[in-house]
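Feature annotations, courtesy of TrEMBL:
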| type | residues | note |
| --- | --- | --- |
| DOMAIN | 12-409 | domain 'Cation/H+ exchanger transmembrane' |
| TRANSMEM | 55-72 | transmembrane segment |
| TRANSMEM | 84-107 | transmembrane segment |
| TRANSMEM | 113-134 | transmembrane segment |
| TRANSMEM | 155-176 | transmembrane segment |
| TRANSMEM | 182-204 | transmembrane segment |
| TRANSMEM | 216-234 | transmembrane segment |
| TRANSMEM | 240-257 | transmembrane segment |
| TRANSMEM | 269-292 | transmembrane segment |
| TRANSMEM | 312-333 | transmembrane segment |
| TRANSMEM | 354-376 | transmembrane segment |
| TRANSMEM | 388-411 | transmembrane segment |
């Protein structure tokens, strides 16, 4: 009963903090939740929650890292693999060793092994805290991807370093060889379990569908349970890293979903909504728990007369600054190496280094880890300076959060665009909706997706026109030029294709006719719908007189030619810097529409996919508004206006789908 009451209280506090965050938007919600947790612990002294590191990692970290792994941009993860691994492994070791030596020098009463343990548990950046910071402050994507990427891995390396440092104190023995082999085993076995575990769960789902179990709710629950199952198998059965397992499992699950599950629309929508509730709840409860733990964890050292409170604060500031200095030095060093050895031409400024340093905040993983310190060693002696270590870890967590809260907005002030404008924000939302649809587009649903993207592009053009007629006309001219370039490339690639495949005369005539018609339409803007219909009718009549096998061959060649020409043109416009990104995107959408316009699906699948993609786009826009508001980029009035715009958009689009 006590556990149930505690859970209800935590959920109520979670709702309260979100209401407070609505009115105190200049303070990150993470700090508000920590403050409310501290206040609750001070007011209701009987309200305490004991947290063990093992179940905390299972209950909170496993699902959150699985979700982050599934939603992390994989191209960026691979592209930034070296800096991510450098931050997640080398930086953790540097922080542990250099920071440990500094702590032992500053506070000689802390044994060297205990100092290493403290800095080891302070080395992982907290993924939940990182995401919380990112919601409020605009941080360049490259930096955010780096910090999020390292947060997926450095829990494992930090916890292993912490485990062996503590073991050295408890047992009086330490083996570098054993620690290294353990880390390699836990990392690679965790990786393998994540890959094959996620694939096994997918195959189970596939088998269950084949035998007739098609209840979407069942599969949503199975997907939510997946990270817990993977984590338990890795930790309890194979004694590998559950953290690495769930991250890998999330990535594999996302790949499998993209390749195989594009028509289970209802399940996908429900799953995303369930995961949004799960992550919202876990993210908030984590910081509330951190706040609840702080008073009891630090009280004994604060009331002790052994060390003055002012000295304790100086210790926290010293260690906190050392953590940041080590991170800053490593980031600078790695970027120099990246430029000199790996020939990375990307410009990185001192300001980028500072932002990367500050974003690496510490969080609840550090607190839970430090609280797991044993009370006594194997020799029956008290663990040295246990309460002091707990206080220092708690202090550094708050220090990094406060530093990020204060200085990141100041550093990014000059990067902010001019004052928010309703039309500008609407335009960005529509672009975001198009990107969200593109992310869900595959060959089977491409025709529907492209039709929906064209709707959004039409709305985007309307907004461009309202903002500036001159800019709109310039944009139209650029689009026309891009289409003309595309038309020229169509002719070139079509001739290449026909020369390579040696097509017969009937097929060549049909393809030449289509090209001529499309070129006339592009060059003659008065080419009316009636003329188009007439030409289409005459062509269809001519085709009906051809033998069936010739018609089938023509259709096959047309499809093959579309694929060839489309991929060639898209590759050309992407690789040349001839046009802006917006123009390139619209050219790509146009040719994808031509490529997939002939793909057919039954009406029920069509309606399901229409609704699914429309809801994905609407949800993406609503999430973007919330991110802007939480980051302080828009005020409450503008947020309301944008939400009203999305509501109207939803009504229009879904009504069209019904009709």
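Glycine is treated like the rest: Cβ placed from N, Cα and C.
Below 8 angstroms of C-beta separation, residues 127-128, 131, 145, 148-149, 151-152, 155, 224, 226-228, 230-232, 235, 242-243, 246-251, 253-254, 275, 278-279, 282-283, 285-286, 364-365, 368 of the same chain, each at least six residues beyond the ends of the transmembrane segment (55-72), sit close to that stretch. If you look at the transmembrane segment (312-333), the same-chain residues 6 or more away from its ends with a CB under 8 A from one of its CBs are 86-87, 90-91, 94-95, 98-99, 102-103, 106-107, 118-119, 122, 301-302, 353-354, 356-358, 360, 362, 391-392, 395-396, 399-400, 403. With a cut-off of 8 Å on Cβ pairs spaced 6 or more residues apart, the transmembrane segment (216-234) and the transmembrane segment (269-292) reach 3 or more such pairs and are scored as touching.
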